[in-house]
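Chemist: Mind looking over this structure? Questions follow.
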Amino acid sequence: MSSTAKTSNLQQLASSEQDGLVHGLTAAEVQLLSAKSSEAKAQAYCPYSLFRVGASLLLHPTPTSTSPTIITGANVENASYPVGTCAERVALGTAVHLGHRSGSFKALGVATDMDDFCSPCGMCRQFLREFLELDTPVFMFDKTGRYKVLTMGELLPMSFGPDVLPSRESLRGVAEGTRGEVFKGVE
């Protein structure tokens with residue numbers, strides 16, 4: 001896609017919300033997510049499926065950051081198919097390794113070579129749910145740079161995450177033989 005077409009596409013998408021933002025991101029941030037996801041996709045190791053995926057995580061700004069921080073990942077396949085790792089989990093695993101946790105992430109971008117939009121798989125959705133807030137936007141880019149965006153909560157409705165678990169104190173009570181308040185009335 002030409003840079004003029006990309007700019008026009010982004011301007012049209014950015015004006016789709018009243019405040020000039022797309023799910024809280026500026027047009028420049030969306031363009032950066034798209035570019036970094038595509039760059040990551042080029043690094044995919046997928047000799048078996050030939051299905052390239054790149055992911056990019058945009059971090060919230062910090063008092064010390066002067067420019068947007070992006071962490072990327074690409075899918076890595078293995079001859080033993082279940083052993084491969086998706087791009088989203090590579091990017092998020094790298095971010096966690098670097099010390100980022102829930103609340104650090106402003107958006108996720110995922111790029112493929114598909115004509116249509118491709119969402120994260122079920123395993124990735126659950127993995128992402130551990131660290132992304134439910135209102136975190138997930139931008140799914142097709143091969144031309146067009147995108148569809150859904151929030152984490154829309155991708156995984158009625159999800160199970162850290163906030164669903166009982167408190168550690170309640171769980172300790174169960175482990176020590178008391179039922180704790182979390183299981184009160186449950187037989």
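Note: Cβ is positioned from N, Cα and C throughout, glycine not excepted.
TrEMBL lists E88 with the feature active site, proton donor. If you look up TrEMBL, you'll see N75, V76, E77, N78, A79, S80, Y81 marked as substrate binding site. For C86, C121, C124, the entry in TrEMBL reads Zn(2+) binding site. Feature annotation from TrEMBL assigns domain 'CMP/dCMP-type deaminase' to 28-163.
Describe each of these features in terms of where it is and what it packs against.
Modeler: For E88 (active site, proton donor), the Cβ neighbour count at a 10 Å cut-off comes to 28, with all displayed protein chains included.
With a 10 A radius on its CB, Y81 (substrate binding site) counts 9 other CB atoms from all the protein chains. When secondary structure is read from DSSP and collapsed to three states, Y81 (substrate binding site) falls in the helix class.
In the structure as shown, the Cβ atom of C124 (Zn(2+) binding site) sits within 10 Å of 25 other Cβ atoms.
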Chemist: Expressed to the nearest Å, what is the distance separating Y81 (substrate binding site) and C124 (Zn(2+) binding site) at their Cα atoms?
Modeler: 16
Chemist: Looking at the binding-site residues N75, N78, S80, which one has the fewest other Cβ atoms within 10 Å of its own Cβ?
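Modeler: Comparing Cβ neighbour counts within 10 Å for the binding-site residues N75, N78, S80 gives S80.
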Chemist: Can you tell me the mean pLDDT for the domain 'CMP/dCMP-type deaminase' (28-163)?
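Modeler: Over the domain 'CMP/dCMP-type deaminase' (28-163), the predicted model scores a mean pLDDT of 97.
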Chemist: Which residues, sitting 6 or more apart from E77 (substrate binding site) on the same chain, put a CB under 8 Å from its CB?
Modeler: Y45, C46, P47, Y48, S49, G84
Chemist: For V76 (substrate binding site), find which of the binding-site residues C86, C121, C124 come within 10 Å, Cα to Cα.
Modeler: C86
